[in-house]
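Residues annotated as transmembrane segment in TrEMBL: E:30-52, E:64-85, E:92-110, E:116-139, E:146-165, E:185-212, E:224-242, E:273-295, E:307-340, E:352-372.
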Amino acid sequence: QGERYVFVSHAPDSDSWWNVIKNAIKVASDEMNVEVEYRNPPTGDLADMARIIQQASASNPDGIISTIADYDVLSGPLSDAVAKGIPVITVNSGTEEQSKKIGALLHVGQPEYDAGFGAGEKAKAAGVTSFVCVNHYITNPASVERCQGYADAIGVKLGGQMIDSGLDPSEVKSKVMAYLNAHPDTNGILTLGPNSAHPTIAALDEMGKSGTIHFATFDLSSQISEAIKSGVIAFAIDQQPFLQGYLPVVILTNLTRYGVVPGNSINSGPGFITKSNIALVEELAGQYR
Amino acid sequence: MTAPLIELVDIAKHFGPVIALNGVTLSVEAGECHCLLGDNGAGKSTFIKTMSGVHKPNRGEIRVDGEVVSFSSPRDAMAAGIATVYQDLAMIPLMSVTRNFWMGREPERKFGPFKLFDFATANRITMEEMAKMGIHLRSPDQAVGTLSGGERQTVAIARAVHFGAKVLILDEPTSALGVRQTANVLATIDRVRKAGIGLIFITHNVRHALAVGDRFTVLNRGKTLGTARRGEIDAEALQDMMAGGRELAELAGSLGGTV
Amino acid sequence: MTAPLIELVDIAKHFGPVIALNGVTLSVEAGECHCLLGDNGAGKSTFIKTMSGVHKPNRGEIRVDGEVVSFSSPRDAMAAGIATVYQDLAMIPLMSVTRNFWMGREPERKFGPFKLFDFATANRITMEEMAKMGIHLRSPDQAVGTLSGGERQTVAIARAVHFGAKVLILDEPTSALGVRQTANVLATIDRVRKAGIGLIFITHNVRHALAVGDRFTVLNRGKTLGTARRGEIDAEALQDMMAGGRELAELAGSLGGTV
Amino acid sequence: MSTADGRSVEQLRDEARDERVREMSRFRKALIRPELGAICGTILVFVFFLSIAGDSGMFAPEGILNWGTVSAQFAIIAVGACLLMIAGEFDLSVGSMIGFSGIVIALLTVQVGLPAWAAILIAFALAMAIGAFNGYLVIRTGLPSFIVTLAFLYILRGLTIFISITTTRKTIIGGVREAAESDPIAWLFGGKAFHGLFVWLSQHGIVGTFVAGPKAGQPVIEGIPMLMVWALVLIVLGHLLLTRTKFGNWIFAAGGDAQAARYVGVPVNRVKISMFMLTAFCATVFATCQVMEFGSAAADRGLLKEFEAIISVVIGGALLTGGYGSVVGAALGALIFGVVQQGLFFAGVESSLFRVFLGVILLLAVILNTYIRRMITGER
Amino acid sequence: MSTADGRSVEQLRDEARDERVREMSRFRKALIRPELGAICGTILVFVFFLSIAGDSGMFAPEGILNWGTVSAQFAIIAVGACLLMIAGEFDLSVGSMIGFSGIVIALLTVQVGLPAWAAILIAFALAMAIGAFNGYLVIRTGLPSFIVTLAFLYILRGLTIFISITTTRKTIIGGVREAAESDPIAWLFGGKAFHGLFVWLSQHGIVGTFVAGPKAGQPVIEGIPMLMVWALVLIVLGHLLLTRTKFGNWIFAAGGDAQAARYVGVPVNRVKISMFMLTAFCATVFATCQVMEFGSAAADRGLLKEFEAIISVVIGGALLTGGYGSVVGAALGALIFGVVQQGLFFAGVESSLFRVFLGVILLLAVILNTYIRRMITGER
Ligand SMILES: Nc1ncnc2c1ncn2[C@@H]1O[C@H](COP(=O)(O)OP(=O)(O)OP(=O)(O)O)[C@@H](O)[C@H]1O
Ligand SMILES: Nc1ncnc2c1ncn2[C@@H]1O[C@H](COP(=O)(O)OP(=O)(O)OP(=O)(O)O)[C@@H](O)[C@H]1O
Ligand SMILES: [Mg+2]
Ligand SMILES: [Mg+2]
């Protein structure tokens, strides 16, 4: 009862996608009756994130849940925590192998490159030949990998198509519009989350191109599900963040209380959400989905 | 006898531990140039700041036309007809002559529901007033920074006169000027006095004071040492009053010259 | 006759369109106080800046002890024994007296492989030199900002003298001072002169110049108007030379006073 | 006033002129104005992009609208920053204020359920109160505004994140658009103006129409975003305020020499505090437009916007230390900023080079501006 | 020199003292030093966290190491910023410089394949050259350093992203640790000192040991990170340089009044340029330590660090306009910064409140410092 866990993410303060995880954590901690602290580096600086992990392990929690946004930066502090005897579960970014090398119990997440590749394959089938990848978080390796996977699946070399859009929605929107104006032959768009998807939807709307360009995005939100229903977005890749927030807390609690833990990593995604299966998730999008 | 334009009685002003003024009395009549002399740090600037509403005195009273007043801001003092040209910051060099001239009292004209700065009038009057003072401007848009020090002082004086000052206070207008420019400023003072305005002319320089002054008051370490009329006192005596004269006499003796 | 300590011949200096100096000649002998007088903007400051290595003249030559030299920085001039106390920026108010005194020529002592600022020596000498000049410091760590204007000038002079200046240039050391403080500075000048140092004393004020000067040179609009020895010239004549005298005479006439 | 000694006045006047200084030619004088640097910069930037991206759609109506909107955004905050800078202060908390106002509006409409107009009014009131407090602190403590507003950069950003996290456990709050539908005021910020005009233009073939997609047949430009209208209104009003009114003269005076201004009766404190409030007002206009356009507010909106505002203003010829500058210049600075940022996309240049460009332009513009200013003001 | 008129000297001396001003008491004088504000702040902050987070592990060895490391980070850049600020300039490009140096090292080792020591040396040389160029521009153009370094904030950040994206298509470059293994210099930045001491301490139970994993049995603290050693060395050297050497006097002089200093022969330009170089040096130390510790460099490292450096320095009592300040004060400022930032985590306070705290501390510290400074320098 009342165990204390620390959840460390790499997301800067604004990333709305993490709201689902925060909600999941809240649900899990209420159900399990434990205390979970959510920590993140305010500006998304991964070096700051490493300090937060060190700090977390110094405060001797009953467990640490962390993303592996950059293996190089985070492996040290995380394996130190493991070595101190603190159980660690990794989530979201990162791969199973990395998680194992660190000595974490398991990894709950989605392989980023593969997810991007899957999206690319579907896009290729829909006839996409030249695309733009709207990267709102260019300093996170995972986001570059998504673009890379998508490009590889389509079979083009990733170059100027990945735009560094920044986080400011007005800027994202006007940059997307500028790109599409200057590259009218673009027939595929990949956005990496709500932060880049929402302004892109607005940009397409304003340019009258809604529905004329194959548009795929990562992650869900109410606006994205709306766009899927109206056919603006072809599909969203759902990594089911709720599981990434909920499962680790439950697993750690079970470990602390009863000493039981699953033996394998868990792939929470990717799941593809299209017009046909949107009804299922629509209600809860952005909250628990 | 009519009441003086302004009268200050037994003014005292303290800044924390520093007693800047400790009982200063002075009055100015219309058309007179009252010179306020004093050593460095004697409290001259502090005294006139009290008179023009910048500082509130800790003790003493100010009478304008015989009535006791209390100024809570420079605006109040200006409204009562007291205009001051301060030692260093008479003008803002980055701004044009017109903007400086009208600063704080801009003329306005209606433009629909709005009131606009009336530049046409402002420029015309500025040029006229400057010409009266003997300053020829290239244009009223010229920045004050491009004028010489003497010209700046003159603009400041012209401004004060134009706004109907009854009492005009000049804080060391000549201290940064050369002989030629000083002569210009002294001539301006004389002209202003002849128009019936009362002047307080602050200076270190006994010669400048004697050239235009009607009465002379000497401050020393925050106290009035006395007031004399023109002709009652000569340069040597004034110099003596300002510094106690002893060191100067000694110095002059030991150096074999006159100070 | 030995060569003068420093001699400047036919110096000219232009700043873009402004001709600040246009043929100025002057020399200083040991133990003499040479006064440089001139109206505002006459070029006095520009002239001494040329002498002390701040500006390079466009024309003319500088001779030190009879040899032609060319200064490329104030350091060069200082090395040649020419020390200057500038008009406003003699001292840095935020720094302590010792730090100001030694600025640019800090005494050092070895500390292993390092050289450290030798505060013990510096403080001692500072206190001594200040005492000689008649300034009593609370402590050598006292910030210069807490000193009065006259005290600051004196610290600057003491510094120049201590560093073995052969020629000491003072740019209007008295312009911001009251009578008492001026007397103090003039006494200091006299003391320095008696120690055999050549002085150039710049001022607007004819009386101050006459009190201590041995020779007088008047600048007007970038040109020398001539040099006179003590006794050869009186205050009126100097005043006349500085400004052409005409306006002043007229002004004095029209105002009925003496300027 | 008659001159007692008529003769000597003429004489003195002649002598007041210094024969040693050359007079400036009339042509040069007409050219030399505070905005000159920004005007040259604008011309240069346009020539540059016309030549390298002239056929990329950058100068088609849609393209113009694109960089126009971006420039308008910068212009809105630049106007406030410009007037404040001329009044002798500056504000590093603009960016944080943008985030703060946005979150306040979103929280009040979506969480509290207030009507949008009430939320907007409250946000404006709050922001301007904070601006006034900033100004009050600067004036009362006499500290440089750099430090005071730096403190508020942190305080406001922290508060914004704190209130949004503690009340909603989110840092992005969406759903504002729905809540603001058919609101009497919200339209002023998120709407588009002159829709009819563009329909007419498209019917006459001046503006293209969509040929495919859901909007086929409609003009490619729906209207001028209100953001641009706001920018224009603020620029014009700001310019008039500064150059044509009494208050404008006080702004110059307060920044040029606060003490001198105070002594002639200019209410310097009031001027400075109102300029801090104006800056907060502009930041809130920016935030409200953004919230209404995108329907969501995020706690980290406006990051680094304070620098972008200052850069626009400085490119526009204002003096960092106050007392000199021009609103039109600042607006041109914002235009340069927007055109360069978007132009690089149109030109297909690697977008990260934008910052390099910007830095270089800033340096060049400031050097040119300094030269011009010295000629005008006789400053050395 | 003998006084010719001995009598009047004594006399004048007496009169030079002003009977109207009270003397300051000896005790107050001893207390009043530039660092006083920072010292008070440090005590307050420690008391605060001891009371609210005393039992959270914050003051256990690991906890101390944690906030100690963070403070050391701030201190490294604060030392450079402090000396530069005392010399009368400041540098907004510190943060961008951190990102730039890190990427240079990573690119050179991982992509180009240079040995780590060569990459580090090149990064230092490059950074210091840029610092010198910054300084040169400030001095040549006479522009405020705010503007020049703001331009470089953008230019450097842009360049950093540009070169890392164009060469590797990534903005994070990893694998530096492997490349730097057994390098003769890299250890100086990424290593840990006093390993032996901590093994000994753990054997005596003073420091805990790892209980599981590959490091089982080793002490939880491997050693003092070199980062801390660098911070200490820089603080001590900086303090000595400033207060005990000739060059230190020149730094004060250059910042106090550059013109006055120039006239007495202080090579002001050289002093200012070397301080810009020192700031770049400190930024590169910071970057190198980070790269070597984490094994990767990212283009966005160091974002907003310039403000953090300036805040530490200002909390430490330095005057924004130069000529006054203390390295020890700046170091204490960095300590306050680090303790507050990490302490709030330990105390379990909502972390977004950190910024609010910081802003408030900054304001209070500066007000206190201003008061103290006025007493020392007689400034008004
Ligand atoms: N705001 C203030 N706070 C504290 N002390 C002050 C203040 N203003 C003036 N003083 C002190 O009051 C005394 C008188 O100063 P004041 O400026 O009035 O002298 P002054 O006669 O005008 O000298 P000067 O000839 O240099 O202009 C001085 O000792 C000065 O330091
Ligand atoms: N750096 C400069 N650039 C351009 N003009 C200059 C410069 N320095 C001085 N001048 C000009 O040269 C002329 C002589 O100036 P200077 O300062 O030498 O006069 P001064 O005799 O010292 O006057 P004051 O009595 O005011 O000290 C003036 O017209 C001045 O404006
Ligand atoms: Mg005074
Ligand atoms: Mg001079």
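Just so you know, glycine gets a Cβ as well, placed from its N, Cα and C.
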Q.
Below 8 Å between Cβ atoms, which of the listed ranges E:64-85, E:146-165, E:224-242, E:273-295, E:352-372 makes the most pairs with the transmembrane segment (E:307-340)?
A. E:64-85
Q: Could you pull out which residues elsewhere in the chain have a CB under 8 Å from any CB of the transmembrane segment (E:273-295), counting only those six or more residues past its ends?
A: 73, 76-77, 79-81, 83-84, 87, 89, 91, 94, 97-102, 105-106, 116, 120, 123-124, 127-128, 130-132, 134-136, 138-139, 174-178, 180, 186, 189-191, 225-227, 230, 234, 251, 301-302, 305
Q.
Quick check: do the transmembrane segment (E:92-110) and the transmembrane segment (E:30-52) share at least 3 Cβ pairs under 8 Å, counting only pairs 6+ apart in sequence?
A. no
Q) Can you name the far-off residues of the same chain, 6+ from the ends of the transmembrane segment (E:146-165), with a Cβ under 8 Å from a Cβ of it? A) 90-93, 95-97, 99-100, 103, 107, 130, 134, 137-138, 171, 173, 299-300, 306
Q. If you count Cβ pairs under 8 Å, which stretch among E:185-212, E:224-242, E:352-372 touches the transmembrane segment (E:30-52) the most?
A. E:352-372
